[in-house]
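What TrEMBL annotates here:
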type: ACT_SITE; residues: 552; note: active site
type: BINDING; residues: 315, 551, 555, 581; note: Zn(2+) binding site
type: DOMAIN; residues: 88-132; note: domain 'FTP'
type: SIGNAL; residues: 1-21; note: signal peptide
């Protein structure tokens, strides 16, 4: 059972308060099994059973049962098949009815779903149910479609059917049950995508099967990933103590994710191919976990094949409680510069997709580097700037320890109403004056980051893509990586950064070669540091400038999406590094843009790689305006929320398209369409990525290696960049994204925009030294030359 705890998380101990009735976190539960067409329940007995009943003189219901079974099972092969009457059979003294439960045995093994129940009253059988196996014995190993796969296919088909049906075509009950059906699919079916090979394990060993089941059943994705990655290592730690060698009965100990010894024994389970039933040799387990207690049967010959599973834990119905969303006095989303607008009260975003727990609910965040996902069963509401996506706090000392740093504490109302105005008494102390706004500053930082998290999620930066969240709700990806956001960081001035662990510099006099940036892959926290700017009175606070926040957070986005969530070295140097800056500048600008205004200053506050980034951002901006001219401008860049049943309500944001993407929705306006291109199809996912040390550099042996780089025996010298991320490749990827999403309807508009900034068809990049050589070109493809003037 999950307890929701309320915490005002400051520098004191956390005091739990009893949960209210809202069930906001659903317990993962697996439940499926074979469908047996031959199973029947009989209340009107055939005449030969009636005759046997009438001739019976015994007053012992168990004797009646044995005589009945002798008739019912007369055609079974007695050499291989028998039965036992279970010891949980009983007589109900209130009704006088005896309930007999019969288990089938084949060649010494029970058939887990071979059962007969007999109801006897007044020494007569009044009804019975029968699912005994009546197929071929001895057993043949017949290849049958996976029960697990068929079950998930059935759910998927139902979800797909209702996704395309209108409300008038679905009953109210169906629409209400759809969210539960999606939860069932998420819980039961994600394991199938792992496709783990188990060909090398012996059927007589129950350990591979139980470890496979834990991977499928654990609610913690990070634990499943660990077990999958180091399967043999975890397997060796499980001990199997034999209880009865002839019956293949064991006790399994030290099973990760289980909280008790697991009894295991070999058995048979019936499966059907639609026409006939067959027996599968299985391992049967009783697995007690933190929030589940499973009875499970897995294929002994293929341990990754779960044939049946039942969860003995059931949830009581919970009634939704009234929880008012938090309120923040902030510069609302879309106001990047405080000079462009006024502060207003904005509500917490509770999006069922992007932030289903809201912005203030999550697991208890301790030292995240030492927190495993198995430690986060309980959920908390934090009455401060802490939640599943963001941990925001001030860091005046510039230290790495952030846990107990001060944060706004508005109380249970979650009403973040803090002043941000001039104080005459601090006129001569600009630093102190800026710090007096700490609560307003951290509130703004928390609001903007959560808003941007949700914005990116709805365009595709989700759990599987490697986004930043503590809990991933069983949707894939690695957990425990919310962004740690330090506002008013005291370690520097006039800057901001998205901290990506460390930069390894390799010094060879007289030059220093920066070899590799260690970026945070999925499962590692990104750290955003926002500094004060000491050019005015009071010192200016970057936490109030959404453009800076969006720019820095976008570094985490681009690092995760370029080359995959677990590979964060793909935007580390050269033109690619500058492009990493350009993505952030462009996102910040397009989010605040207004119709008819095409002249914005890009990256005016930064330098270094921004000289490249500014150019790339401007290229994207020109291309975006070509699309806006053709398709119009969407005032609201936020994709619409899905309905509670997961369907997309009618809206003016998307146009549906069938380009091979099952759930893909294509924005209809130019600015939002460009975001979709750049974000998850064009700018990031399709671009070739830098494989650090290999793809972009040719290695040359050196004879002397300084001690600080003893792990590296080669130094990278630029030679060829054909495999690296460049303007040209990103251009091609965005054009390819248009082909995928719209079948190329914007081909010429995109080429016109890129060619206008020198990325025409003959543009290229060649590297023969550490200094890049580029050839610009302003021509478009031949098929676009007649349309270019009209675009």
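Cβ from N, Cα, C; glycine included.
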Sparsest Cβ surroundings (other CB atoms within 10 Å) among the recorded positions 552, 581: 552
Cβ-Cβ neighbours of residue 555 (Zn(2+) binding site) (radius 10 Å): 22
Other CB atoms, at most 10 A from the CB of residue 551 (Zn(2+) binding site): 28
For the domain 'FTP' (88-132), mean pLDDT (0 to 100): 87
Within the domain 'FTP' (88-132), residues counted as helix, strand or coil by DSSP: 0 helix, 33 strand, 12 coil
For residue 551 (Zn(2+) binding site): DSSP state (helix, strand, coil): helix
Coarse DSSP state, helix versus strand versus coil, of residue 581 (Zn(2+) binding site): helix
Inter-residue C-alpha distance, residue 581 (Zn(2+) binding site) and the residue listed as 'active site' (nearest angstrom): 8
